[in-house]
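Listed in Swiss-Prot:
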{"type": "SIGNAL", "residues": "1-23", "note": "signal peptide"}
{"type": "CARBOHYD", "residues": "ASN261", "note": "N-linked glycosylation site"}
{"type": "CARBOHYD", "residues": "ASN272", "note": "N-linked glycosylation site"}
{"type": "CARBOHYD", "residues": "ASN435", "note": "N-linked glycosylation site"}
{"type": "CARBOHYD", "residues": "ASN503", "note": "N-linked glycosylation site"}
{"type": "CARBOHYD", "residues": "ASN526", "note": "N-linked glycosylation site"}
{"type": "CARBOHYD", "residues": "ASN532", "note": "N-linked glycosylation site"}
Amino acid sequence: MEAVAVAAAVGVLLLAGAGGAAGDEAREAAAVRALVARLLGPGPAADFSVSVERALAAKPGLDTYSLGGGGAARVRVRGSTGVAAAAGLHRYLRDFCGCHVAWSGSQLRLPRPLPAVPGELTEATPNRYRYYQNVCTQSYSFVWWDWARWEREIDWMALNGINLALAWSGQEAIWQRVYLALGLTQAEINEFFTGPAFLAWGRMGNLHTWDGPLPPSWHIKQLYLQHRVLDQMRSFGMTPVLPAFAGHVPEAVTRVFPQVNVTKMGSWGHFNCSYSCSFLLAPEDPIFPIIGSLFLRELIKEFGTDHIYGADTFNEMQPPSSEPSYLAAATTAVYEAMTAVDTEAVWLLQGWLFQHQPQFWGPAQIRAVLGAVPRGRLLVLDLFAESQPVYTRTASFQGQPFIWCMLHNFGGNHGLFGALEAVNGGPEAARLFPNSTMVGTGMAPEGISQNEVVYSLMAELGWRKDPVPDLAAWVTSFAARRYGVSHPDAGAAWRLLLRSVYNCSGEACRGHNRSPLVRRPSLQMNTSIWYNRSDVFEAWRLLLTSAPSLATSPAFRYDLLDLTRQAVQELVSLYYEEARSAYLSKELASLLRAGGVLAYELLPALDEVLASDSRFLLGSWLEQARAAAVSEAEADFYEQNSRYQLTLWGPEGNILDYANKQLAGLVANYYTPRWRLFLEALVDSVAQGIPFQQHQFDKNVFQLEQAFVLSKQRYPSQPRGDTVDLAKKIFLKYYPRWVAGSW
């Protein structure tokens with residue numbers, strides 16, 4: 001591939017979402033000033049001046065910020081866009097003031113006077129885009145959010161330099177208008193949509209119907225929310241990505257148009273065709289462009305556009321044909337439905353399909369898709385590039401621009417995990433790849449509010465031209481900023497975590513918590529890990545040692561709880577291994593001892609310490625869902641949606657425990673009863689001399705799991721107990737056993 005062709009493709013894309021007029025500069029500057037006031041308060045905000053100047057960018061499309069002043073003068077923050085100015089503000093707060101902004105909270109103690117910036121500090125991003133989100137994030141993390149929570153997230157996005165992000169709320173209301181216009185009945189539409197917690201997979205054609213329908217109030221509230229989200233994103237100069245038609249239609253379309261050419265796709269995620277097996281329009285069917293253009297026209301009429309659209313036709317679904325001609329036609333149909341309405345359309349495609357089913361997506365099939373859209377009009381997300389990059393085996397996506405993304409988290413699971421070395425070096429390697437068409441970096445987790453160190457690093461890399469030279473020094477500074485003070489034991493704890501849980505490498509690294517703690521028990525559970533458990537326990541000890549100095553820091557208390565949770569997760573694996581070994585050896589006394597500690601001491605202790613922090617409460621999680629409702633019946637429905645997603649995921653445990661969380665209440669009333677039932681079954685097996693029957697246990701435990709989902713029990717949404725005291729209590733009981741190797 002010639003470098004000229006690559007440059008031309010990237011050049012076309014750089015036109016998308018390019019900076020606007022002087023009026024936009026003023027609006028973006030005002031948005032950043034408002035952010036400063038929200039973040040720091042009106043008093044400290046007066047010490048900052050903010051301006052947006054397009055001419056500041058050294059090259060078109062490359063965001064640039066400049067910092068100056070401070071000391072006796074106001075701090076000057078200038079940016080080529082609002083996002084650039086916000087990123088510059090964050091740089092000043094982070095590197096000059098030692099502040100920290102994160103999902104779990106912020107540490108914003110400003111030095112007085114404000115530190116002066118030596119001379120003028122100017123920084124330009126090496127790439128056009130810093131992308132954020134995954135289609136699944138909309139369901140695993142955002143689904144129940146109100147405007148206040150969205151406003152905080154958009155502030156976080158701006159501070160971290162995000163300038164390209166999905167904005168997919170409210171689309172079902174638009175689809176409802178389109179389907180009604182096509183002749184579907186309201187009942188048919190209601191039957192098609194999933195419940196709120198599963199909309200991400202309805203939007204990608206994986207599911208329909210499951211745990212629906214959507215109440216009318218849902219559409220109204222989501223439309224309102226989408227308008228506010230879009231207004232706020234655009235006020236910073238971000239480019240929102242709107243949805244487009246990917247080809248999936250309700251079955252009822254075949255009633256209205258009996259001659260329509262559709263293919264019934266295969267099942268997905270162990271669901272049967274009552275909830276899966278979507279209908280995909282043939283690309284040559286004349287109704288394809290009609291539906292696609294109807295939807296996009298109505299969407300743009302409602303929300304406006306920034307000309308980048310997301311659509312995923314074959315997400316985790318095998319296409320009806322592997323013939324390159326079919327795949328090219330299917331791709332062309334989606335793209336032409338966009339350009340029929342918006343001649344400037346750029347298609348944002350999640351590259352997950354190429355990674356997820358490599359046995360289907362051979363070179364010819366990949367070329368067919370990538371070559372069916374003009375170069376520069378398809379923007380591919382290399383979604384899991386930190387672990388399994390696709391650009392390296394597709395010649396940089398055959399010349400189409402791509403964004404190097406860190407996926408990191410699956411299902412919104414809790415669990416300390418990261419591949420920081422791979423993340424640190426990945427973007428530079430992609431930029432230096434022969435004839436690279438990389439145009440950005442991205443964060444694409446399925447769920448957020450976990451492992452914040454990973455996202456701090458990735459956000460920083462979006463503005464760096466090279467990797468962080470010393471990750472150990474970087475993580476030590478991260479801890480000092482996070483807690484507001486440097487502490488040797490806390491820094492040492494973080495360096496141990498860096499070399500252990502945050503040092504996963506190789507293709508086996510998937511950010512999915514498969515710990516026995518959060519899985520349906522069996523005798524075949526995998527307890528293998530990529531790190532030395534000693535590092536986790538020693539980091540735990542060091543963090544507790546620093547508690548007398550750091551316990552007033554909310555971030556420290558959060559991290560201490562999270563590390564205690566991780567230590568208990570390790571202990572559960574160890575006691576499980578002992579119980580399994582005792583069962584296989586038919587040693588009843590050892591089985592009773594190990595199983596008793598696991599199910600009757602360790603798990604209750606975990607639930608108790610989790611209950612000390614509102615961010616680890618099932619009650620808080622479910623209250624979000626209930627608060628989105630306008631009636632008690634709706635609140636019950638939304639809560640059940642949320643319970644299903646956390647546990648069974650489908651009516652029969654179809655994707656069981658995929659979205660597992662470690663929350664107080666969930667541990668006590670879901671994970672603990674499962675473990676007790678399992679261990680009691682093992683004890684009965686040994687005592688009576690009969691084999692343990694996994695299939696019978698699965699039937700029995702499903703009754704417990706389903707009962708939890710259908711339960712109306714309410715859980716506290718306010719924390720109780722002191723995190724430090726409870727963590728110390730667990731530590732003093734189990735750490736000596738770990739050191740002695742006595743279980």
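Glycine is treated like the rest: Cβ placed from N, Cα and C.
Known features from Swiss-Prot, placed on the structure.
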residue	record	Cβ contacts under 8 Å, 6 or more apart
ASN261	N-linked glycosylation site	LEU281, ALA282, GLU284, ASP285
ASN272	N-linked glycosylation site	none
ASN503	N-linked glycosylation site	GLY418, ALA419, LEU420, GLU421, TRP530, TYR531
ASN526	N-linked glycosylation site	ARG514
ASN532	N-linked glycosylation site	SER500
For this session: Could you tally the C-beta atoms, other than its own, that fall within 10 angstroms of the C-beta of ASN435 (N-linked glycosylation site)?
Result: 13
